[in-house]
Amino acid sequence: MSMFLDTAKIKVKAGKGGDGMVAFRREKYVPNGGPWGGDGGHGGNVVFVVDEGLRTLMDFRYHRRFKADDGEKGMTKGMHGRGAEDLIVRVPQGTTVRDADTGKIITDLVENGQEFVIAHGGRGGRGNIRFATPKNPAPEISENGEPGEERNLELELKVLADVGLVGFPSVGKSTLLSVITAAKPKIGAYHFTTIVPNLGMVRTKSGESFAVADLPGLIEGASQGVGLGTQFLRHIERTRVILHVLDMSASEGRDPYEDYVAINNELETYNLRLMERPQIIVANKMDMPEAEEHLEEFKKKLATNYDEFEELPQIFPISGIAHQGLENLLEATAELLEKTPEFLLYDESDFQEEEAYYGFNPDEPEFAISRADDASWILSGDKLEKLFTMTNFDRDESVMKFARQLRGMGVDEALRARGAKDGDIVRIGKFEFEFVD
């Protein structure tokens with residue numbers, strides 16, 4: 001049986017911006033030509049695109065790293081380097097993307113053709129033509145390209161079924177699916193026969209069609225990961241209608257009503273919104289001895305939880321193996337689907353807030369200072385490290401510009417306040433220099 005892979009961890013890296021160029025106009029009859037170095041091109045983005053033709057995340061099992069191309073370097077004559085093409089990564093419909101480092105949901109990809117930029121490419125570094133001023137008409141300054149965004153991601157694929165079959169193991173879900181659809185699930189008289197979702201399409205006599213998922217068997221404690229646990233619950237989140245299958249024969253000595261309550265408790269514990277989905281109770285194995293008596297007892301117990309103004313869930317007595325009562329069940333399911341809207345999987349607060357990629361966050365410190373064991377000073381911080389990465393250290397003027405930027409950020413004053421002395425070693429990454437007081 002082919003394996004259904006519904007989670008995958010991958011790494012994406014957008015392209016680096018191309019380096020800016022230092023060049024000067026040197027042409028006959030053009031004395032003292034000015035700066036002519038162009039900007040680097042923009043690095044490629046990594047873009048997720050929903051492809052309804054994909055059904056699993058299996059491809060990501062063998063291909064876990066995705067890197068977009070870098071932008072081209074700037075050229076002479078003030079010409080910009082070519083920007084890199086975006087890297088398109090196709091994902092199945094229904095993929096949820098999380099930040100693997102924080103666990104926060106980044107996006108939920110549910111519409112065919114939907115696009116989402118998951119990693120932004122770096123901007124190109126500026127060439128020396130951009131740094132010309134009246135005081136410095138021939139600057140030997142250029143910038144390196146900005147690094148592309150890099151992210152560790154976790155992908156989750158939830159079964160895109162309209163209807164989910166839930167119930168304790170071996171209540172007859174797989175048999176029911178096999179007789180109402182063309183699906184061929186593995187069927188057996190032991191717990192956890194179904195360990196991955198089985199999908200099938202139903203077409204009623206009236207012409208309605210919908211997708212049904214026979215989901216892995218559930219036991220008490222699933223919301224805490226017992227048994228197949230949260231794997232099961234993850235698959236049911238997308239279904240709009242739940243068919244709650246119960247074994248009315250009580251052949252294993254179980255009480256159908258206790259099973260019904262236990263499974264609903266697990267659904268509610270995992271995600272309160274799961275209980276908002278309408279349920280149809282499927283009283284299965286009605287061809288077995290004493291099933292009628294068990295069903296009547298179940299109805300009495302169920303009624304005690306509802307007052308006279310509340311509507312009880314619909315109950316359909318069937319026998320999957322004997323093909324009894326199926327037509328009425330399917331017509332009622334199609335009718336309920338027709339009037340049931342799609343459910344949001346998460347509250348809006350679960351999603352990461354969109355921020356401008358190059359935006360300024362005033363609450364975020366621009367740099368941090370720490371002391372190494374060898375008494376050197378260590379500078380760190382996203383903004384500072386970005387400036388460092390984009391500095392062309394092959395050019396003296398670029399190095400001097402970087403030093404001015406550090407002073408403008410208050411690095412010199414902060415080092416002095418921490419006790420830095422003339423000649424102390426200061427490090428940024430692998431680069432080191434002497435502090436001059």
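Residue 1 is the first one shown; counting continues down the chain.
Glycine is treated like the rest: Cβ placed from N, Cα and C.
Listed in Swiss-Prot for this protein:
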type: BINDING; residues: 167-174, 192-196, 214-217, 284-287, 319-321; note: GTP binding site
type: BINDING; residues: S174, T194; note: Mg(2+) binding site
type: DOMAIN; residues: 2-160; note: domain 'Obg'
type: DOMAIN; residues: 161-338; note: domain 'OBG-type G'
type: DOMAIN; residues: 359-437; note: domain 'OCT'
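Positions of the features from Swiss-Prot, shown on the structure.
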residue: G167; record: GTP binding site; Cβ neighbours (10 Å): 25
residue: S170; record: GTP binding site; Cβ neighbours (10 Å): 21
residue: K173; record: GTP binding site; Cβ neighbours (10 Å): 30
residue: S174; record: Mg(2+) binding site; Cβ neighbours (10 Å): 24
residue: K285; record: GTP binding site; Cβ neighbours (10 Å): 24
residue: S319; record: GTP binding site; Cβ neighbours (10 Å): 22
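This prediction places the mean pLDDT of the domain 'Obg' (2-160) at 90. S319 (GTP binding site) falls within a strand when secondary structure is assigned with DSSP. Here the Cα atom of K285 (GTP binding site) is found 13 Å from that of S174 (Mg(2+) binding site).
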